[in-house]
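Now, the feature entries from Swiss-Prot:
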type: ACT_SITE; residues: CYS332; note: active site, nucleophile
type: ACT_SITE; residues: HIS435; note: active site
type: DOMAIN; residues: 251-443; note: domain 'GATase cobBQ-type'
Amino acid sequence: MVKQIMIQGTASDAGKSVLVAGLCRLFKNKGKRVVPFKSQNMSLNSFITATGDEMGRAQVFQAEAAGVFPDVRMNPVLLKPTNDRQSQVIFMGAILDNMDAVTYHDFKQTLIPKIQAVYQSLADENDIIVLEGAGSPAEINLNDRDIVNMGMAKMVDAPVVLVADIDKGGVFASIYGTIMLLNEEERARIKGVIINKFRGDVALLQPGIDMIEELTNVPVIGVIPYANLQLEEEDSVSLSGKNYVPDSNALLDIAIICLPRISNFTDFHILEIQPDISVRYIRNIADFGNPDLVIIPGSKNTLEDMAFLEESGLKNAIQNYAKNAGKVIGICGGYQMLGKKMLDPNQVESKQLEIAGLGLLDTETIFLDQKRTTQITGVTHSGEAVEGYEIHMGETKRGESTSPFCEIKAVNGNEETHQDGAISVNKNIIGTYIHGIFDNDVFLGNLFDELLTGKNKSVYPHEIINLKEHKEQEYDKLAALLEANIQMDQLEKIMKGEKICVSTQKPAIKE
């Protein structure tokens with residue numbers, strides 16, 4: 001019979017996704033067949049599986065940590081906000097519909113038996129499932145129809161460990177408040193608490209641990225030290241802490257336009273881990289500066305984000321930068337914005353029927369009802385073999401003054417040839433639909449060399465850090481960190497359904 005443990009949090013960005021990934025790697029290293037599961041994920045960071053199914057990126061990196069291929073069953077429901085009131089609802093990798101919050105709140109009850117069936121299919125194939133909640137279980141205005149926190153725990157009778165982020169402050173209030181806002185049955189499901197991102201001497205924390213255990217009658221089974229692990233961040237909350245000031249000591253300054261509806265910002269994790277590369281996220285012209293490369297990322301609402309560029313003054317800043325021989329790369333929605341105009345006759349993305357683009361590429365995009373979700377391999381215009389994935393609802397046509405960026409050779413593992421993207425005559429403006437393009441070592445190394453030689457400097461002096469190898473190392477570090485700082489004997493008892501009591505054992509931080 002499958003063992004299960006559910007990680008819920010006192011708030012968004014408490015560390016749930018990373019904790020689940022670490023536990024998956026820890027159990028994998030013990031020889032267990034383990035998979036992650038999150039019934040419903042709201043995120044604009046998504047991935048396309050080998051079968052063309054769309055799922056949340058968090059469950060992808062958790063699957064990697066577990067040593068298994070991403071499977072859409074690990075995240076059956078994906079919500080992709082299109083604006084502040086509406087989301088695209090994706091079930092088992094395919095679009096169901098666009099729904100406002102009230103409509104979806106009523107609709108999601110119909111998904112419960114389907115979610116249960118999906119979960120059971122994973123349970124039949126594995127030894128352990130590590131479930132992840134969303135936000136906080138104490139969203140009392142939504143709990144009557146919850147399918148991702150206590151509602152999910154109840155569906156499969158999973159024990160819950162609550163994780164709280166001490167780095168933001170107010171950790172004991174968040175633990176107590178979360179638990180006390182739950183009803184009696186839900187409180188009983190919380191079997192342990194983990195305090196995350198702790199800095200300092202745990203002896204100073206111990207009086208608080210003793211008091212919170214007495215107040216809640218729930219044991220604190222771990223205190224995880226703050227660790228500077230270089231893992232993908234999925235929650236858009238993390239963008240608020242991203243750097244916007246260039247590092248004067250770096251060899252290259254890369255500026256990413258932080259669009260209000262930015263999607264798949266995980267595309268840029270690979271840039272952030274390379275030595276001597278400054279990556280910053282800019283929201284206004286005051287922070288624009290004089291970068292060596294500007295990247296316009298993907299967007300869940302390209303037309304509205306194009307309007308943001310216009311209103312913020314960033315449109316003019318990018319155009320002037322390009323006129324002065326600046327290098328600009330657009331990914332997916334960013335590629336669409338680089339063109340002359342975008343047309344939305346069926347109002348797929350917004351109520352605007354047409355909007356002018358940046359005019360840096362001789363292209364036009366029309367938005368279609370059908371979404372393209374594929375994994376691809378191909379060869380770029382300069383001969384680099386690349387792989388990545390596409391997620392878009394637009395079709396872009398090139399004019400005579402552009403050439404294709406990439407020749408696609410295979411789609412979802414099947415031989416299929418077509419052209420992707422566009423390049424300007426002077427080669428400084430590039431647009432592509434390929435997410436993950438920077439994850440290709442040779443392409444990235446050549447890009448860095450080009451940017452540096454353009455500054456009359458020598459080629460990039462470091463070996464490109466391979467993303468897959470890097471992530472494997474980070475997953476192992478994470479697993480070791482958790483094993484050293486969680487009372488694993490207590491956690492395993494919880495997973496077996498055994499009752500554990502508030503302990504007199506004092507946790508000790510181990511780096």
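The backbone N, Cα and C atoms fix where each Cβ goes, and this holds for glycine too.
Its Cβ placed at the centre, the residue listed as 'active site, nucleophile' has 24 other Cβ atoms within 10 Å. Contacts of the residue listed as 'active site' defined by a Cβ separation under 8 A and a same-chain sequence distance of 6+ are given as ASN264, ASP267, GLY298, ILE331, CYS332, GLY388, TYR389, GLU390, ILE391, in order along the sequence. Averaged across the domain 'GATase cobBQ-type' (251-443), pLDDT in this predicted model comes to 94.
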